[in-house]
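Chemist: Just dropping this structure here.
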Amino acid sequence: MATSSTQIFHSLRHPNASLSTNSSSSNARTFLASVRVSLGFSRRLKSGFQLPSTQFRALAMVKDGGEKTGDRTLIDDSTDAFKSQVEDKIQERDFAGTPYVPVYVMLPLGVIDTNSELVDPEGLVNQLRILKSIYVDGVMVDCWWGIVEAHSPQVYNWSGYRSLFQIVRDLKLKLQVVMSFHECGGNVGDDVHIPLPAWITEIGLTNPDIYFSDREGRHNTECLSWGIDKERVLKGRTAVEVYFDYMRSFRVEFDEFFEDGIISEIEVGLGPCGELRYPSYPAKHGWKYPGIGEFQCYDKYLMKSLMKAAEVRGHSIWARGPDNAGSCNSAPHETGFFRDGGEYDSYYGRFFLNWYSRTLVDHGDRVLALANLAFEGTCIAAKLSGIHWWYKTASHAAELAAGFYNPANRDGYAPIAAMLKKHETALNFTCVELRTLDQHEDFPEALADPEGLVWQVLNAAWDVCIPVASEKALPCHDREGYNKILENAKPLNDPDGRHLSAFTYLRLSPVLMETHNFTEFERFVKRMHGEAVSDLQVNPKKQASSGKDDQVAP
């Protein structure tokens, strides 16, 4: 899988002790709940509204003595004391006997080179044998559009993938395959560059509006604009026809792997990084975490769609993007559109955001309908990004810019979940390993809440009864991170017994294969599978490798 969007924001977080609880530790759970209330943590109600609280934006920039900045009350140094008490009381949960959650491992981005040849097959076989030895269920691999259909329309080269799939089948592993219709490169963790097909970029030279564009007219070549989903601008084909032809070719080419059950799931790329979102925070255009990002609807095709929607609404003057939404690195309170009481909640703002988010849902609807035709009888999945920064503000500005209409008084993920349900598509969600307290510690100004976001999105999917899978957003080799993943994978005391349908680890690398890291990963796999481990600890400390450990022998 290409680097998830949530990998971009930072890599210098400080892992703290897990906030997992043991089923017999009711006192610890009560204490933890009181701490979260004291720190102003809010949780979404099923209706999508947040609990009213004057502490809603308490997690702002920390200064000595609880100083106030503007209208945001800031917490004081007692946060550390609270965290210390929590860490002293929490014990790892025992996941023995819990539901079996399959574990997959993402293969390196460049496992297939730009000539569609398998890189280092012998080394890969050795690594896959090691994964098989600890009962990893399978691997995930990107099938890059820019490699397979690189030079001419409807001329596909699947040779490298066939070699790879044969190795996976021989080892009796499963495959999650991603239809990667986006560019690789430019994001944190992207160690190779795979552009869109050359024949696509040639079209883009004379018609750059096939790409998303921001208000300044900067085009983003990561993926195609949804404005051309139904426009015949790709040498006589629409974008969705191009996607369908590619998926159909894959299904025919690898029929035997479908029939044998080796391919367990197809994840359909729906935007940048394969995620269903607008490319609202491109690093290549200078975005830095925790910037709110920018609306990406200024190509001529999406603007034509906006004009039509405004005319239908009876207000042609609304056929424009917001002119007071700041720049990609703005904070919400610095803009007239996203600030509290801002234009995002005006008649025009609600019209624009409804159109913007509906365009996202409609894109997913069109592509997934064709994916189900191409892969009938196979599990289909779509990936959603975890945009957790500014979650503790009223507007949820970063989510709005990315196409998720999820302000404090509206559930923006329910329409997406309903669309996925329509196509019986599983949801793959990121950032399940992130802890809100860590975000507050590292970037207090971001008002982030990954735990609140995960809770909201997972429940939106579970409420419509679709499978929910997940993958990591950041590299993780420590027990604290694994414990957080387990906590989200198998919620404690859920009355409906809900749990993740699968988990995908980011990613196979020499660091993972270092002896200590691999031992910790093996322990995690056992717990995801519901097996017993003998070394449950109280307040486990970080045990990440120094990077000098030995490699696991095949």
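Any Cβ shown, glycine's included, is placed from N, Cα and C.
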Chemist: What range among 15-34, 535-554 does TrEMBL describe as region 'Disordered'?
Modeler: 535-554
Chemist: Inside 10 Å of the Cβ of Glu471 (active site, proton acceptor), count up the other Cβ atoms and send me the figure.
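Modeler: Glu471 (active site, proton acceptor): 26 neighbouring Cβ atoms within 10 Å.
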Chemist: In angstrom units, rounded to an integer, how far apart are the Cα atoms of Glu471 (active site, proton acceptor) and Glu275 (active site, proton donor)?
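Modeler: Glu275 (active site, proton donor) has its Cα 12 Å from the Cα of Glu471 (active site, proton acceptor).
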